[in-house]
């Protein structure tokens, strides 16, 4: 670019620049443009230091007071609620919504006592893993799924009913019935042994024996009979006897033992409600009832009993049987026992054993509501008689 002189004529290139009287050169700044005649310079000069270094101004450092702000709990709670709502909205949309999630928690004592694990450092230095902290990788044990056959086998085992596995049904020896006198039941008082243990005296300081003149008296012992010695030893043996659990015997064995022993024993025999036999004859009279008719006259109507009532009266019970022999007991070779009542056969089986005392008592009541009770004996065994359906069907077809 060529610059003009004060007269406005262009100067030759390389010529000397004219010096202005009012201008002063500043280091690092370009000279102001020459003043043209007829135009005044602007009051506010333009900032021509665009490419230069700005002048630094001093500003004092004021230390601000720090105020500890309390954590805002409400904001965090609101944020958590918003996040939960978003997660619920995400889970509720799309396929597979409502899937159960497994939350696995871990602690520092979950793996139990174990040796301290050591990890090698960069410079062959052992570092304890306890300082590092528990690992966040947890091995979740996968449960083995059962197959259809295994589940069916478990159901079969649960549905079994061919065994008794209830410890409460077993008879306890401590709950045995008490029978008087105690010699029959086996529970007797424990007698202390009268024989004293003779211990040798320890050797102590010698004492002077006192001389006492005692008259020497000798008693002649007579020899005892063997029967007396056996009687003396018998109660001691009976006192040490402890009753055992009742033995499970069949009906055939029980009847054989009763036939061989000389002692008499009472048996509890359970029979059906209706027994084969001739019911007692009763005069059936019709029931007369008086009914008032519309005309005001009394009419007598005869009513007969229903069929069910007549059948109930025609049944034979144990009270209707006559005294004496009722039936016969048959013991088969197989061990099966049957009771024959006329043409009807009843199967005889053992009843459930009771762990409490059962006694047969005869009660006699008088006219003045007073009476006597007599204990006839102790009942140990129970027999149940049930009808044999095979013989009933055979008799029906004939």
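Cβ atoms are placed via backbone N, Cα and C, with glycine included.
Swiss-Prot annotations:
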REGION    1-105  region 'Disordered'
MOD_RES   2  N-acetylserine
MOD_RES   42  phosphoserine
COMPBIAS  66-100  compositional bias 'Basic and acidic residues'
CROSSLNK  68  SUMO2 cross-link
CROSSLNK  78  SUMO2 cross-link
MOD_RES   95  omega-N-methylarginine
MOD_RES   97  omega-N-methylarginine
MOD_RES   99  omega-N-methylarginine
CROSSLNK  141  SUMO2 cross-link
CROSSLNK  152  SUMO2 cross-link
CROSSLNK  160  SUMO2 cross-link
CROSSLNK  190  SUMO2 cross-link
CROSSLNK  199  SUMO2 cross-link
CROSSLNK  206  SUMO2 cross-link
CROSSLNK  220  SUMO2 cross-link
CROSSLNK  285  SUMO2 cross-link
CROSSLNK  302  SUMO2 cross-link
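Annotation for residue 68 (SUMO2 cross-link): no same-chain Cβ neighbours under 8 Å separated by at least 6 residues are found. Distance from the CA of residue 152 (SUMO2 cross-link) to the CA of residue 160 (SUMO2 cross-link) is 13 Å.
Fewest Cβ neighbours within 10 Å among the recorded sites 152, 160: that distinction goes to 160.
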